[in-house]
Amino acid sequence: MCVKMNVLLLFASGPDVFTISVDERAKHDQQFHGLSPSAGGFITGDQARNFFLQSGLSPPILAQIWALADMNSDGRMDIHEFSIAMKLIKLKLQGHPLPSALPPSMKQPLLPLPPQTTFGECSFTPKSLSNCADNSVVFMSPPLVSTAPPPLPQPIANGAPPTALMPPLSGFSLPGKLLLVSNLHCVFYSSSFCSAPSPQPPTDWAVPQSSRLKYRQLFNSHDKMMSGHLTGPQARTILMQSSLPQGQLATIWSLSDIDQDGKLTAEEFILAMHLIDMAMSGLPLPPVLPPEYLPPTFRRVRSDSVQSDQKSIQEEVEDESESCQEKKLPVTFEDKKRENFERGNLELEKRRQALQEQQRKEHERLAALEREEQERKERERLEQERKRLQELEKQLEKQRELERQREEERRRELERREAAKRELERQRQLEWERQRRQELLTQRNREQESIVLLKARKKTLEFELEALNDKKNQLEGKLRDVRFRLSNQRKEVEQTNQTRETRIAEITQLQQQLQESQQWLGRLIPDKQSLNDQLKQVQQSSLHSDSLSSLQKALDLKEISRKQLREQLDLVERETRAKLLEIDAFNTQLKQSNCCWYFGPFLHADLL
C-alpha cells in the first residue's frame, strides 16, 4: 500500500527540469570518456572549456555554468560535475534561466547504479515496507558512477543515520527514473545486492536498526563485485577513516571478524562500524564479544551446534549412567529407592526432552509452514509487484513518449517563437530605420532652410559691413581732420600760452610801473600841498608877480604831468583788462581744445 501511494504521488508530482535522465547520463558519460580523462577520473579546465565552447554560448555564461558545476572549486571536473555542466548548458540552450545556486537534485551524492535484477533474486526485509509515515516522493536522476570511493560517514553516538545517506531501493528498479524518499520513515531496503539474501536479523541484536541500514548501504557501495564480503584491505581502508588508534582498530577487527577468515561479511562490517561508534563516543570496547552483539546469522549457527553438542553429551551421559547402573548392585532399600527415584527423574527428563524435541520440531514445522506461507505470500506479492511495475514501466514509457512529444512541441513552439521574435525584430528594425530616415530627411530640410536663412543673413551682414566700412572710412577722415585741427589747436594753444606768458610779464611790468607811478604820485601830493601852502603864503605876503608866475608855471607843469600819469594809468588799466579778457578767452579755448584732445580717441572708437 505504501509503494502504491508513493508511485501515485510520483506521477502526481511534475518532473524537475534540473533532473538528469538516464539517456542524458549515458550520453554525458560517453562524452566525458571521449575527452580522455586522467587516471583519477578528472578532466582539466582547458579540456572542458574547449568542449563547452562548441555549444555556442558566450564565455560569461559558460563561466557562470562552470562556477555552478565545479562544486569543490578545484579547477577540474569529475564525471558528476561534467554531467551537471552539460545539463545546465542544455537548459540554457532551451531558454531556461540559470539558477543562482545549484539545485538539490543535482547535489545528491553519487551512488553506483544497481544492475537490472530479476524479481526471483530479490528479497525484502520484513520491515522494508513498514513505518510509511511520510509518502512524499520526488523524481531523481540515477546518480553518476563516481570514480572515487564514497567517504566514510562520521559515526554518531546515538546511532542515528545522516539524512544525506539514503538506502538503495529494493524489489524493483525503474529505468530512467528512481524514487527518492524524502523522509526516513518510508525506506526501501534491498538485500539483493549480496550474493545470498541475508536472513532477518532478530530484534534483540544490540546494533540499532538505523545503524544497520546506514552501514548496510555503506557496505553495498564498497562491495563492487557483489561478493557479499569486503576483503581485508578494503575494510582496513574504511576503518582507517575513523582516525582511531591502531590498537583499538585491531581489537575491533578481532571482535568483528567472528569466523576469522580475514574478510568481513555485511553483518560483521555493521558490527565493526557499531564498535567504532562506541569507541568514538568514549565507551570501552569489550574484551570478548557479548552475546547480544553476536550477529543473528552466527548466533543461529552457534545455537544449533551447541544444542547438538549438548544432546550428544547428554546421550553419552545417559548411556554411561545406564551401564553403571547395570554394573552397580543395590545393597539397601534406600539405595533402591534412590535408584528408582533417579530412574524416575531420568525417565521424566527423557520425556521432558522428548516433549521439548517434539515441541521444537512442531515449532520448526510451524515456522517452516509460516516461512513457506510467507514466501508464498512474498512470491505472490512480488508477482503482483512485478505486474504492477510492468504496468508502471508501460505508463512511464508512455509518459516518456508524451514527454518527448511535449519536448518536441515545446522545441517547435520555441522555434516558432524565435522566428516570430526575429520577424518582429526585423519589422521593428525596418520601422525604426524608416522613422530614422524620415527624421533625417526632416532634419536635412530644416538644415537646408537654416542654411538659406544663414546665407541671406550673410549677405545682409556683408552689406552692413560695407556700409560700416564706408562709415568707418568717413569717420577715419573726420578723425584725421579732427586730429589735424587738434594739432593746430595745440600749436595755437602753445603760441597762446607763450603770448599769455609774455602778456602776463608785460602786465606784471605795467603793474609795477603803475605802482611806481602811484608811489610817485603819492610823493607829489605832499609837494602839491606844500606848493599850495606856499602859494597861499605868497598870496598873503603879496609876493611879486614874477615869483607868482613862476610858481604858477611850476604848478601847471605839475598838473600836466599828473594828468599824463593819470592817462597813462588809465591806459595801462584798459590794456590790463583787455589782456585779462584775452587771457580768459584763450583759457576757455584751451580747455575746449584739451577736452577734444582727451575725448577724441574715445569718440573715434565709438564711431568704429
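All residue numbers here begin at 1 and follow the chain in the order shown.
Glycine is no exception: its Cβ is also placed from the backbone N, Cα and C atoms.
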Range annotated as coiled coil - as stated in TrEMBL, picked from 128-162, 233-267, 548-582: 548-582
Stated TrEMBL location of region 'Disordered', expressed as one of 209-232, 353-376, 473-496, 497-520: 353-376
Where TrEMBL places region 'Disordered' among the ranges 301-331, 425-455: 301-331
Per-residue pLDDT averaged over the domain 'EH' (24-109), given as an integer: 86
